[in-house]
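The annotation ATP binding site is assigned in TrEMBL to Arg104, Lys143, 148-154, 178-181, Glu186, His209, 262-263. The domain 'ATP-grasp' annotation in TrEMBL covers 108-292.
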Amino acid sequence: MILPPATLGMLGGGQLGRFFVSAAHEMGYKVWVLDPDPNSPAGLIADRHVAAAYDDYAALDEMAQGCAAVTTEFENVPATTLDYLAKFVPVHPSASAVAVCQNRVAEKTFLADNGLPHGPFAVIRCEENVRDADEALFPAVLKVARFGYDGKGQARVANREEALHAFHQFGGESCVLEKMLKLDSEMSVVLARDEAGAVRCFPAGENSHRHGILDVTIMPARIEPVLAERARDVAQAIAERLDYVGTLGVEFFVCGGQLFVNEMAPRPHNSGHHTIDACVTSQYEQQVKALCGLPLGEPRAHSAAVMVNLLGELWYDDNGDYREPDWSVLQAIPNLRLHLYAKHHARPGRKMGHFTVIGEDAAQVLATAMQARAAIGIRDDEH
Ligand code: ADP
Ligand code: MG
């Protein structure tokens, strides 16, 4: 077991890393963050911020020397970086698990090979693959295999010609072509798995997106209990087959009453932010525990919760002028907790913060959260 006051290493300095740093600090650890951005949200509160690229081997050597174990919050950390660090210190999750989750071709192929539920898709590496793709896939979504997030690197395509066009627009990079599913709803399961194979699942969350970016998570998800149970089983099976150690997020589509895995995130997940305020143990504490070889904590929710993301457009008024949103509106609500990430500059679509409303009555929590969402200025007419 790695015990306090050991120093832990975090690759990536975004908000997920920032919450990891906070959790680790509360538990008595020190944290070094590696992120090239001098203003990274996690770097700002870390005991040490190594501002260097993920493939800067001198910086990696420093991390290996200074940290008792290393984890990541950023799925695009090169697998070679994780492999390199693993020669010197424990690294969780492993390079091989991250490699599957960071590439949509590898991810979809993993699901297919393991008999896990997924939607119809084709791997696209060249024009011929588009020409040969099953007609039944259209209308479809073409997604670049690597580096897409928050709906970036995706194009909705009605037919083969549009798919070819989008493939060229993406520079001929490897892609997956997914059938556009008619979604009843979207949900996610966040879990933690330790080195001995013990798994603790948080209750499933129900997610809604705007412009391809997570907007609201409702926990517990308003779905049939059997579906929630099935989602947990599938998420657990994924973690086991990846021999995953750490916190893992699995996104699902519910379509025609059936469950399909959309994608996996080898890190805490945006839809698990509510665990900070509504669960006995948060997804970030679990990440610390799994990394350090401590027994995992109880994931039980003590409250119903609704989480609302605060995106950069909120920082612009109707005239397009930059200004801070009026936080007093949210602070007036006693069962609401506001989390801001201290990002340097707000851009539209950028995740700047979130709030979580908790309470006993799930319907009341949802009503309060949606009122707060409107009051702070999030409008649905921009769909
Ligand atoms: P990201 O990495 O940006 O989260 P996703 O693949 O999860 O990428 O896609 C973002 C969102 O776009 C999904 O949560 C869903 O709302 C929508 N979407 C993606 N793929 C499909 C699909 N095959 N059918 C229907 N909706 C989809
Ligand atoms: Mg997603």
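Just so you know, glycine gets a Cβ as well, placed from its N, Cα and C.
TrEMBL does not curate its annotations; it predicts them automatically.
Features recorded in TrEMBL, as mapped to the structure shown.
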residue : record           : CB count, 10 Å
Arg104  : ATP binding site : 22
Tyr149  : ATP binding site : 13
Lys152  : ATP binding site : 12
Glu178  : ATP binding site : 22
Leu181  : ATP binding site : 17
Asn262  : ATP binding site : 19
> Across the domain 'ATP-grasp' (108-292), what is the average pLDDT of the model, as a whole number?
Replying inline: 96
>> So, three-state DSSP: helix, strand or coil for Lys152 (ATP binding site)?
In response: coil
> By the DSSP assignment reduced to helix, strand and coil, which category contains Asn262 (ATP binding site)?
Replying inline: strand
